[in-house]
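Q: Below you will find the structure I want to go over with you.
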Amino acid sequence: MQAYLIDFVNLLLRWLHVIAAIAWIGESIYFVMLDNSLRSPKAEEDREKGVFGEMWSVHGGGFYHNQKYATAPAKLPNDLHWSFWKAYTTWLSGFALFVILYMVNPGFYLVNPNSPWEWAANMTGWQANVLALAFLLGGWVVYNELCKRISPNMDRDGLLSIAVAVMMIVVAYLSTQMFTGRAAFLLTGAVMATAMSANVFFWIIPGQRRMVKAMKAGDAPNPLDGKRGKQRSVHNTYFTLPVVLLMVSNHYSFIYSHGLAWVVMVLFIFAGALIRQFFVLMHAGKTQPAYPAFGVGLILLAVWVAAPSSSSPSGNEGAQGPDQAQITGLIEQHCVQCHARNPEHAGFSAPPAGIAFDSWDEILGQKAQIQQVVASRYMPLGNMTNMSDDERDIIAAWEE
Ligand code: HEC
């Protein structure tokens, strides 16, 4: 019953998270498009009012006329629309999901027993939880310091972008060494997503509040506030595509479960940013297909890097597939610690996902599923029972 309720909470949180993220990212993509689509105002009176650009659009059976002011209109309306709850809701629901999915059972989901670093492979669940939180917080602190130190006046933003890109390579590498592949992808995405939300919370919104306050008091707003908001929201723009990929990667074990998972992650991060750049330029009237072409190139490279090694099933070619004894042996060695009616593994009081392999009938009845999860390396979970590639090949060659 308890597991059922946790699953239900998981579903509801995920629903909220996806909806909030769609609303936030959708709005953010819309505003970047709007900003880049602005053209000089046609009417002289608009220019006199301080309008710097405008866009006409048609949507949902209506015509819209957006105008952007260079500084601010002479009189700021009181019912100004602000955007921040979408960002905060996305982060809060995402964090809650991480807690109930990963931190409740860190021994399985976070600790990487195959880590090349002995201390990481031997972490306790609590240590892994603390490390994961420190990783998220540390990611934000480092990113924020880079922004503040490298381009405090927004005049070295190019250099800053390079520094942030290097930082993401380091984050991808460290995460895959310290945590399970699945958690590493999620946490690297979460480092970016946390930076995005924190940019809104700590810089963009407070800056806008100071600007509005100054204008209402009849003072000139500090131009640095506007520029800084822009700097951070530009970063957010390039983070969006990679973050979404890393968040959905959880369902595709082939991209996170091999030795070069961090390289695959880096390729996807850069591919996402390059593809985003194409759309940013396109809305400004510049079509540069080289960006997405290069992005697609990186994705193809990722396909190649992540491809399963095609070692032929060890000496089995043409011969008969493995027999019942061989399969049962492998399942007993690698799966039943968890997948049994009374799992030996202390972390479970019932078979995970309701799947038990107590009898040959049960094993046979779930053959297709077993082959699929073993070939994709989704199971054994976190490869806790150290299943080798040769053993996986035997499962793959199992016919009946
Ligand atoms: C350390 C514990 C553990 C071991 C060992 C393990 N599993 Fe799992 N398995 C789980 C958990 C937990 C789930 C639930 C899915 C999840 O949380 O990712 C699961 C889910 C599954 C599923 C359902 C997948 C789905 O799509 O929902 C199958 C099938 C499966 N395991 C097969 C196996 C096989 C075959 C082995 C041995 C090669 C194995 N498992 C070893 C813990 C384990």
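Cβ atoms are placed via backbone N, Cα and C, with glycine included.
Quantities reported herein were computed from a predicted structural model and do not represent experimental measurements.
Pulled these features from TrEMBL for this protein:
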DOMAIN    3-306  domain 'Urate oxidase N-terminal'
TRANSMEM  12-32  transmembrane segment
TRANSMEM  85-104  transmembrane segment
TRANSMEM  124-146  transmembrane segment
TRANSMEM  158-176  transmembrane segment
TRANSMEM  182-205  transmembrane segment
TRANSMEM  237-254  transmembrane segment
TRANSMEM  260-279  transmembrane segment
TRANSMEM  291-307  transmembrane segment
Q: Do we see three or more Cβ pairs under 8 Å linking the transmembrane segment (12-32) and the transmembrane segment (237-254), pairs being at least 6 apart in sequence?
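A: They do touch: at least three Cβ pairs between the two stretches lie under 8 Å.
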Q: List, by number or range, the same-chain residues at least 6 past the transmembrane segment (237-254) whose CB is under 8 A from its CB atoms?
A: 21, 25, 28-29, 32, 94, 161, 181-182, 185-186, 188-189, 192-193, 195-196, 265, 268-269, 271-273, 275-277, 280, 306, 308, 376-378
Q: Residue list, the transmembrane segment (260-279) vs rest of chain: Cβ under 8 Å, 6 or more residues beyond ends.
A: 29, 33, 165, 168-169, 172-173, 175-177, 181, 184-185, 188, 237-242, 244-246, 249, 288-289, 291-292, 294-296, 298-299, 301-302, 305-306
Q: Looking only at the domain 'Urate oxidase N-terminal' (3-306), what is the model's average confidence as pLDDT?
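A: That region's mean pLDDT is 92.
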